[in-house]
Structure formats: structure tokens, C-alpha cells
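J.: Have a look at this one before I ask anything.
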Amino acid sequence: MEPYDQGMLDVGDGNRIYWETVGDPGGKPAVFLHGGPGGPAKGARKSLDAAKFRIVIFHQRGCGQSTPHASDPAADMSVNTTEHLIADMEQLREHLGIEKWLLYGGSWGTTLAVAYAQRHPERVSEMILIAVTLSSQRELDWLYQGVSRFFPEAWARFSAHAGGAPDVVRAYADLMESPDHDVREQAALEWCRWEDTVLSLENFGKPDVFADRASGEVIALARIIAHYYSRGGFVDDLLGGAGKLAGIPAALIHGRRDMSCTPDTAYALAQAWPDAELTLVDDSGHKGSPAFGEAIGAAVRRFSP
């Protein structure tokens with residue numbers, strides 16, 4: 001499926017974000033929010049029913065076809081925060097002449113979706129959130145330390161590369177700012193190896209979804225993730241702000257076996273948000289399963305025009 005329109009939007013701070021639209025130009029507007037942060041999804045164009053939706057896809061700051069790319073050590077990461085991404089979304093929405101749109105996000109994309117919706121609820125028609133995370137410190141502590149109890153040998157390697165620093169995420173964020181390309185590349189590979197290890201017990205999905213990328217993409221991905229997560233994802237208490245989502249219908253789809261983004265966050269968000277309906281898929285982890293795909297399809301049909 002090819003885009004019917006695309007471009008580069010100047011969002012300020014020296015940044016230009018790539019965007020494209022696919023599907024029906026007269027269809028229901030929806031925006032796809034990729035994960036990572038820093039990981040554009042190759043399947044984004046197939047995320048929704050192209051016959052019924054006007055699907056907006058954009059690459060968040062520093063990654064994909066957006067510029068400057070975070071693999072470039074000269075890229076200024078101080079202007080790459082969740083607040084900047086929310087502002088970029090608003091600028092893109094206005095640029096495309098969209099009044100309200102459905103938010104479709106996966107993993108980190110669910111954090112961005114919730115943060116955006118709490119800031120601009122009047123611009124959101126519905127939300128489809130897949131593999132929910134709110135990037136809370138509790139969740140980050142699990143992903144970058146707590147889950148190590150299941151993978152002690154991989155954790156030993158991951159933490160050793162950070163020099164045994166007590167704050168591993170901060171240590172990797174510092175490594176990713178090294179002027180030495182080899183230092184950045186090796187740190188990025190170790191980071192992505194850890195992320196893939198956490199997903200390694202899943203029965204579905206391709207292996208090495210983080211590390212199986214070109215060198216520049218691996219460096220950008222690890223640099224952006226470490227930059228965000230060493231600073232708490234640049235978000236406040238999104239669960240505590242769930243009341244701001246009142247009146248926005250939502251479908252939350254989560255794998256019960258997700259070791260990366262554990263299901264308790266999705267459950268807590270659904271409990272705090274009466275308009276949200278949670279589907280827990282027993283055989284799925286973070287990368288999905290056939291039943292997981294069916295649950296997503298049901299959510300898309302529910303919100304189709």
C-alpha cells in the first residue's frame with residue numbers, strides 16, 4: 001500500500017518530521033503512533049482498514065525519515081521530549097486540516113497516545129491501545145532491572161557493559177552520547193540485545209526485533225530510548241490523570257504473557273477509565289499472536305465508520 005500524500009513538516013528546533021497518509025482520503029482520520037521511542041513500524045500502513053480510514057503515519061523526532069537523525073551525534077536530544085512530540089502531533093493535525101482523529105498506538109505509542117489525549121481530549125475521537133505502557137518509573141524499573149531475575153546471564157552482560165553502574169539506563173544514555181562511533185554502536189547493540197532477550201520467551205513474532213536493523217537505526221533507537229527512559233519518559237503520572245480521558249471510547253489489547261509491558265498497567269488504566277474496554281489475550285506476549293491480531297481487528301471494526 002503506497003501513500004497518497006507525504007511530506008516533511010518543519011516543527012521547529014531544527015527538526016523536520018516525515019509524514020504520510022494512506023487509505024481513503026475521505027475516510028475517518030486516524031493517526032498511527034509507533035513504539036520505541038524511536039522505532040517506526042514497518043506494518044503501520046496495514047494497521048487499520050484502508051477502505052474506511054484516512055491513516056496518518058509519522059516518524060517521531062530523531063528516527064526513521066525524520067531529520068536530524070539520532071544516529072548523528074550532532075542531533076540535539078534536548079529538543080526531543082514527550083512534550084515536543086505532543087506539539088508535533090498538534091502541528092501535523094492542523095497541517096492536514098483534521099479536527100479530531102482516532103489514536104492508534106502500540107507499546108511506547110500508547111504512552112504518547114495517553115499523554116496527548118490528556119492534553120488535547122477534544123481532538124481525540126477514540127483510542128486503540130496495544131501492549132499498553134504508561135512509562136512510569138515502576139514499569140521502567142521492572143524492564144531494566146526487575147525482569148533480570150528471569151534472565152540473570154543476559155543481565156550480567158547488559159549491566160557489565162554499563163560498568164556495573166547502579167543506574168544502568170543512565171549509564172547507557174551517557175554511552176550513547178560518546179563522540180566515539182564504535183562506543184555508541186556497541187552500546188546500542190548491547191541495549192537492543194537486552195530488549196530482545198526480554199521478549200525471547202514468546203511463541204510468536206520474529207526474533208531480534210530490536211537488534212535486526214541497520215547500524216544507524218540501532219544507534220538511533222537505543223539513543224532515543226535511553227534518552228527518554230533515563231529521564232522518566234518525560235511524563236508525569238499518566239495513570240493519575242486518567243480522569244482527563246473521560247468520554248473518550250477506547251479499546252485496550254494486551255498480551256497476558258507480555259514480559260516487557262506487564263498486564264497490570266493495562267488493567268489499572270482500564271479500571272480508572274470507564275470508557276475503556278480491556279481485552280487480555282492469554283497466549284500472547286508483547287509481539288502478539290493470531291488471537292491478538294483478531295482482538296485488534298475487532299477493535300478496528302468497532303470504531304470503523
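One is the number of the first residue shown, and numbering goes on along the chain from there.
In case you wondered, yes, glycine gets a Cβ from its N, Cα and C as well.
Quick caveat, the model's predicted, so the values are computed rather than measured.
Sharing the record's features from TrEMBL:
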type: ACT_SITE; residues: Ser107; note: active site, nucleophile
type: ACT_SITE; residues: Asp258; note: active site
type: ACT_SITE; residues: His286; note: active site, proton donor
type: DOMAIN; residues: 31-287; note: domain 'AB hydrolase-1'
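Walk me through the surroundings of each of these features.
T.: Under a cutoff of 8 A between CB atoms, and with a sequence separation of 6+ in the same chain, the neighbours of Ser107 (active site, nucleophile) are Gly35, Gly36, Ile130, Ala131, Thr133, Ser260, Cys261, His286.
In the shown protein chains, 26 other C-beta atoms lie within 10 A of the C-beta of Asp258 (active site).
When secondary structure is read from DSSP and collapsed to three states, His286 (active site, proton donor) falls in the coil class.
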J.: What is the Cβ neighbour count of His286 (active site, proton donor) at a 10 Å cut-off, with all protein chains included?
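T.: I count 26 other Cβ atoms within 10 Å of it.
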